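Chemist: One structure coming up, written as structure tokens, with questions to follow.
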Amino acid sequence: MIIEIGHYALVLALATALILSVVPVIGARRHDRAMMDVATIGSLAMFALVVFSFGVLTYAHVVSDFSVENVWENSHSLVPLIYKYSGVWGNHEGSMMLWLLILTLFSALVAVFGRNLPETLKANVLAVQAWISVAFTLFILLTSNPFLRLDPAPAEGRDLNPVLQDVGLAIHPPLLYLGYVG
């Protein structure tokens, strides 16, 4: 059940991003402060939803929930905990989720720490970031969904790619994505 909630959180993040990509731009054109404030609130909400969704995927990896196809393909119950975590982003679907997480993190940081920016600039910047988030979220949901279920659930996973079972490669993708997205 928690997997479905994580999936729906991602769908809600998409809906939030769609609203966030339009309303603040209209507010900036009309100089309507209430509509521009949607950018800040929406960015924080979108970040929270993506954090929750990514957290659910991480939880599925940690507890070895092999009813989730992504976990079954990229984990094993005997893998050390660090590789269960790195198994989250050690595949296409999970790495797209990590990319979206970092993108929404930077949007939230602009929303919180961009107080000194002109209101119209801040609203437009967050709207553009929301459009990018819309594209990534749609791509994840339509072609790379990490929350697909297997029925019946296998008893054991296929294991993480042995090449990725290295501490350096466990921390490399998050650090690399911080640089790419930032």
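Cβ coordinates come from backbone N, Cα and C, glycine included.
Annotations per TrEMBL:
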type	residues	note
TRANSMEM	6-26	transmembrane segment
TRANSMEM	38-62	transmembrane segment
DOMAIN	89-181	domain 'Cytochrome c assembly protein'
TRANSMEM	96-113	transmembrane segment
TRANSMEM	125-142	transmembrane segment
Chemist: Near the transmembrane segment (125-142), which same-chain residues lie under 8 Å Cβ to Cβ, leaving out any that are not at least 6 residues past its ends?
Modeler: 10-11, 13-14, 17-18, 20-22, 24-25, 28, 39-40, 42-43, 46, 93, 96-97, 99-100, 103-104, 106-107, 110-111, 114, 117
Chemist: Within the domain 'Cytochrome c assembly protein' (89-181), how many residues are helix, strand or coil going by DSSP?
Modeler: 66 helix, 1 strand, 26 coil
